[in-house]
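J.: Dropping the structure in here first, questions after.
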């Protein structure tokens, strides 16, 4: 709405009370109705109730204006009449304050929806009585009109239907999960390597994994807990690491007292390896927790990222190069350690090698925090990297299971050191070739995602990407070497929690302000701008595209959760399943379900429970003071 504050006479006067001086312009833009011209009909006091009702906020307390009806013609009938009702109630309330003897003084607005006849009544009384009579008749007619419209899909009913659908989906997924648990762990005999108890009993780590869900659901009802949710994830994932350390130490003690000398040496060595992996998880997790001071209340406190930025851009640049080099080296080492002479697989390794080198070139040449007069070279380079990564990853997923032969003993060396039982898995697991393919596909996913994050994340977040990769590898190797000490659903749930902790470790919060939109949109900078803004010019987009920018923003924002989900492919290939008894008549579908069932169901079940619970909380908190600043962004 555009209005002018006054008019003007032919002589240029504009401070008087003449018609020319008080005649002003009111222009409404965006109304889906015909143009209307009021000349001098609209009073200035009519603007406030009109804007208030259009915005859905209360009319100012002492305003006596009448809404501009034509401004509401684009609304539906019920909303239009509701606006008229609120405006009438506002004027009646002011009249009641001035006229103490008004007959309808003691009736609230909704009290007029009574059982009066919907027909017209005679309102030929004194002025005060007539006003009250007309209002009561109007409200009665309005109530009658609403009752005759019949059943309508109100927003509350739509919300209830959506919530019911979410609840049903949660129940279905949970039922599938419990059926799968019963089939795996209660459906027959199994070979258990656990030295303390069988897999059928509840252990401390299983109880903790389930209690995490209850803790999260209960914490969602507090606005402060939502604002500082990262502390909850940090505490829970650190506690789980300590539980892993405790369980590993218990297994080492049990081996010393129960095993023979030769068996004790082998199992002790495996226990010490697992202990090292747990310490790596604890150390990297502690560094990640201190990298960004997130949340709302303590963002001003010092953290590692602030310390590095204060030390100077050269320190950030050096750490970025070292971290990027280590990430690329780990991924390439994993791919090149696989023995395969197939030309297709050689092309895959060469593609990722070229992509890694180009990423390092981009970091060295273009992510230097300095202004560049042109970013065409950087844009072209990033587009080439996108193309190579896309072709290599998609080609690996599509062609790998069909055209590339592997040496299984070289692909999954960790499985051969878990226990002698793995040597028999080739004989009892018909889809072992698929496990080999999944190992390579998993590394392709992980390396591709890491290279994308090195390109898109802020330079200060390169080291957290390296730490997340180390945590994923340490967790995968720990669970691969732990045999049956942990149930598979517990391990996958732990990965899910790790991904959520990493999400906040990258600087994300439950507020929209921390979304890194600069990494997804083109920023045209000037020499006078701050130098760090120039970093966002080279993300591979030469012109604005809502779709492409949305995809890039998704990749940046959900870096850690997606990282975990993609790494589950590698986890599946490395998980030792020799302790599971496979029926003799089991078909390929049964084997696929055994491999992929928990990896698909566990994240879906956890996410559906949390999403459904938080939707209930959001509906209950719809009138909360922080509904738009805390609960809705979450």
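For all residues, glycine too, the Cβ spot is worked out from N, Cα and C.
What TrEMBL says about a protein is an automatic prediction, not a curated fact.
In case it's useful when we look at the structure, here is the feature table from TrEMBL:
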- 207-339: domain 'GPI ethanolamine phosphate transferase 2 C-terminal' (DOMAIN)
- 454-634: domain 'GPI ethanolamine phosphate transferase 2 C-terminal' (DOMAIN)
- 158-181: transmembrane segment (TRANSMEM)
- 202-219: transmembrane segment (TRANSMEM)
- 231-249: transmembrane segment (TRANSMEM)
- 270-288: transmembrane segment (TRANSMEM)
- 318-336: transmembrane segment (TRANSMEM)
- 348-364: transmembrane segment (TRANSMEM)
- 384-404: transmembrane segment (TRANSMEM)
- 438-456: transmembrane segment (TRANSMEM)
- 462-480: transmembrane segment (TRANSMEM)
- 489-506: transmembrane segment (TRANSMEM)
- 551-572: transmembrane segment (TRANSMEM)
- 592-620: transmembrane segment (TRANSMEM)
J.: Same chain only, please: residues at least 6 beyond the ends of the transmembrane segment (438-456) with a C-beta under 8 Å from a C-beta of the stretch. Say none if there are none.
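T.: Result: 324, 327-328, 331-332, 334-335, 338, 345, 348, 352, 355-356, 359, 362-363, 382, 385, 389, 392-393, 396-397, 400, 404, 406, 411-412, 462, 465, 469, 472, 519-520, 539-540, 552, 555-556, 559, 562-563, 566-574, 595.
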J.: Summarise the model's confidence over the domain 'GPI ethanolamine phosphate transferase 2 C-terminal' (207-339) as a mean pLDDT value.
T.: 86
J.: Let me spell it out: take the transmembrane segment (462-480), skip the flanking residues so only those 6+ beyond its ends count, and list any with a Cβ under 8 Å from a Cβ in it.
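T.: Residues 244, 273-274, 277-278, 280-281, 284-285, 287-288, 291, 319-320, 323-324, 326-327, 330, 414-415, 418, 446, 450, 453-454, 486, 491, 494-495, 498, 502, 505-506, 559-560, 563-564, 567, 570-571, 574-576.
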J.: Near the transmembrane segment (489-506), which same-chain residues lie under 8 Å Cβ to Cβ, leaving out any that are not at least 6 residues past its ends?
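T.: Contacts of the transmembrane segment (489-506) (Cβ under 8 Å, skipping residues fewer than 6 from its ends): 177, 181, 205-206, 209, 212, 229-230, 233-234, 236-237, 240, 285, 288-289, 291-292, 294, 457, 461, 464, 467-468, 471-472, 475, 479, 558-565, 567-568, 571, 575, 598-599, 601-603, 606.
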J.: Any chance you could find the range in 158-181, 202-219, 318-336, 348-364, 551-572 with the most Cβ pairs under 8 Å to the transmembrane segment (231-249)?
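T.: Between the stretches 158-181, 202-219, 318-336, 348-364, 551-572, 202-219 has the largest tally.
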J.: Six or more residues beyond either end and a Cβ under 8 Å away: which residues meet both conditions relative to the transmembrane segment (202-219)?
T.: 225-226, 229, 232, 236, 239-240, 243-244, 246-247, 486-487, 490, 493-494, 497, 606, 609-610, 613-614
J.: In the same chain, which residue numbers or ranges, 6 or more beyond the ends of the transmembrane segment (270-288), come under 8 angstroms Cβ to Cβ?
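T.: Distant contacts of the transmembrane segment (270-288): 234, 237-238, 241-242, 244-245, 248-249, 251-252, 255, 304, 417-418, 464, 467-468, 470-471, 474-475, 477-478, 481-482, 501-502, 505.
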